[in-house]
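Participant: Handing you this structure, nothing more for now.
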């Protein structure tokens with residue numbers, strides 16, 4: 001028996017904010033550009049505060065899932081100097097140029113975009129490999145995102161650096177929406193709460209929550225906070241909950257997101273469902289706090305046809 005509950009209507013709200021300009025072969029990084037250009041692009045920053053909670057894994061899998069739904073998607077790896085998004089997508093050997101090269105006029109923006117061979121409507125853009133994060137300003141990020149919107153990307157997902165320093169502030173500056181990734185551990189929840197406050201302080205109020213590495217066995221023993229408890233503590237609309245899955249390690253080493261596996265694991269199903277809710281195609285959650293033993297396996301059987 002499966003349990004579902006209706007997603008709140010307000011979780012799909014969006015705040016319109018201005019984007020910035022794009023030049024022909026390089027990104028215009030002038031400080032004078034105040035052009036207010038409307039765009040249909042959704043600009044979403046994926047953040048966590050605490051490192052190691054699965055933020056980059058979530059970005060890769062949700063981004064890939066959205067692309068599989070038919071939308072044009074670009075993932076920006078803004079974790080400067082510690083990039084890993086290319087590894088999770090299996091694109092590490094194809095990066096020739098980065099955004100820093102575009103800023104410096106060494107290449108065009110389209111040359112720095114790496115298109116996924118499996119899904120042509122998914123692209124990756126790395127900010128840099130070895131430069132300090134402080135070299136990328138808010139204006140740089142805003143102009144970059146406007147340039148990508150002008151290339152008709154429907155979804156622009158920014159994989160934000162961990163922490164709450166200057167790199168975080170610069171990375172979130174062009175975003176309209178935010179997705180906070182956390183686990184049920186107390187330190188991660190505390191950091192997520194602080195990040196939510198910083199996002200609101202910087203004008204981002206459309207915030208959603210993704211709870212990662214959920215273990216039903218620990219929840220039933222009261223050794224882990226439930227999904228509902230975490231959501232209530234943070235007071236942020238819930239996008240989804242991802243069960244613990246050992247296949248994440250295998251997926252990372254192979255450079256293949258979980259959502260591309262022929263036989264989806266429970267976490268792969270959960271990532272796909274979260275992506276569908278993000279684009280407004282699914283209104284219901286699977287209740288991972290169900291007291292019935294084996295609910296995860298029942299969900300898996302339902303989607304895998306067993």
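Just so you know, glycine gets a Cβ as well, placed from its N, Cα and C.
The feature ATP binding site is assigned by Swiss-Prot to 50, 51, 52, 53, 54, 55, 56, 57, with similarity to another entry given as support.
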Participant: Looking only at 51, 54, which of these binding-site residues has the biggest number of Cβ atoms within 10 Å around its Cβ?
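Facilitator: It comes out as 54.
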Participant: Please classify the secondary structure at residue 52 (ATP binding site) using three-state DSSP.
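Facilitator: SS state of residue 52 (ATP binding site) = coil.
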Participant: Looking at the binding-site residues 56, 57, which one has the fewest other Cβ atoms within 10 Å of its own Cβ?
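Facilitator: Result for the binding-site residues 56, 57: minimum number of other Cβ atoms within 10 Å at 57.
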Participant: Counting other CB atoms within 10 A of each CB, which of the binding-site residues 50, 53, 55 comes out lowest?
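Facilitator: 50, out of the binding-site residues 50, 53, 55, has the fewest neighbouring Cβ atoms within 10 Å.
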Participant: DSSP three-state call for residue 57 (ATP binding site): helix, strand or coil?
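Facilitator: Reduced to three states, the DSSP call for residue 57 (ATP binding site) is helix.
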Participant: I want the residues beyond 50, 51, 52, 53, 54, 55, 56, 57 whose C-beta is within 8 angstroms of the mean position of the ATP site's C-beta atoms, in chain order.
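Facilitator: Result: 48, 58, 162, 181, 212.
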Participant: By a simple count, how many Cβ atoms lie within 10 Å of the Cβ of residue 52 (ATP binding site), its own Cβ left out?
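Facilitator: I count 10 other Cβ atoms within 10 Å of it.
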